[in-house]
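Novice: Got a structure for you, questions after.
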Amino acid sequence: MVLQAHCNTVSSVNFSADGREIVSASRDHTIRIWDVKSGKNIQTFSGHTNSVFTAKFSPNGHTVVSCSEDETIRLWDVNTGTEIIRLESDSGTISDVNFSLDGKYIVLSLRNTIRICDAYSGKEMKQLLENSSDVLSTQFSPNGEMILSSLSNRKISLWDVKSGERLKEFGGHFARVTCAKFSPDGKCIISCSLDNEVQVWDTKTGKRKENIERKFKTSGLCKLFYRLPNICVVFKR
């Protein structure tokens, strides 16, 4: 099945928690929701004034959060298609945004800063600083106690949400780590990089478990996501 409606490059695609819908973000400044079974475009969000980098469903599927090159983060009502909250960045472009598993918080990647905000009010709750490295992706752990970040300095960081302290730093890639994700049970971390490698790490020990080395004939791996407990999908933008 091919889903067609965007009039420019699609920058991200993500499933809803129940797997029935897909949300896509595009350089055409729009976000669209698709019904997986029928392939129909069932909702469109318009308002961003530049390329939309990513869009994600809230865990309950009622809200979509997006970030854009227009330096805003926006939350949208899935049923009505209306904008609920708009957050303006004071640190340049936001490269990634994700919900916590309970849907109460969102975590943002802004240059060398990770920010945690209340998903209902938009109020900033905490900042984590990555010094001189750009933060390319962020994600809450399944239990909500940690945050994972992938960095431009070829490393991955693991943070304690409550204390704001860095717990671990993983190093092993040879180029920018474009994306890092927890496994659904939180026991492993999977990362991909512009070095064309996918690496699997033990969350508890920080040791590398597996390195899928240069098996992808492309000029760099950009995104990865889980759909099922043991399936990881990697692709180039």
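Glycine residues also receive a Cβ, built from the backbone N, Cα and C atoms like all the rest.
Unlike curated records, TrEMBL annotations are generated automatically.
Dumping what TrEMBL says about this protein:
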- 3-44: repeat 'WD' (REPEAT)
- 45-86: repeat 'WD' (REPEAT)
- 128-169: repeat 'WD' (REPEAT)
- 170-211: repeat 'WD' (REPEAT)
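Have a look at these and tell me how they're positioned relative to everything else.
Specialist: For the repeat 'WD' (3-44), the predicted model reports an average pLDDT of 93.
Using a Cβ-Cβ cut-off under 8 Å and counting only residues 6 or more beyond its ends in the same chain, the repeat 'WD' (128-169) has close neighbours at 95-102, 105, 107-116, 175-182, 184-186, 189, 191, 193, 201, 203, 206.
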Novice: Do any residues, 6 or more residues outside the repeat 'WD' (45-86), come within under 8 Å Cβ-to-Cβ of it, and if so which ones?
Specialist: 8, 11-12, 14-18, 21, 23-27, 29-33, 92-99, 101-103, 106, 108, 117, 119, 121-122
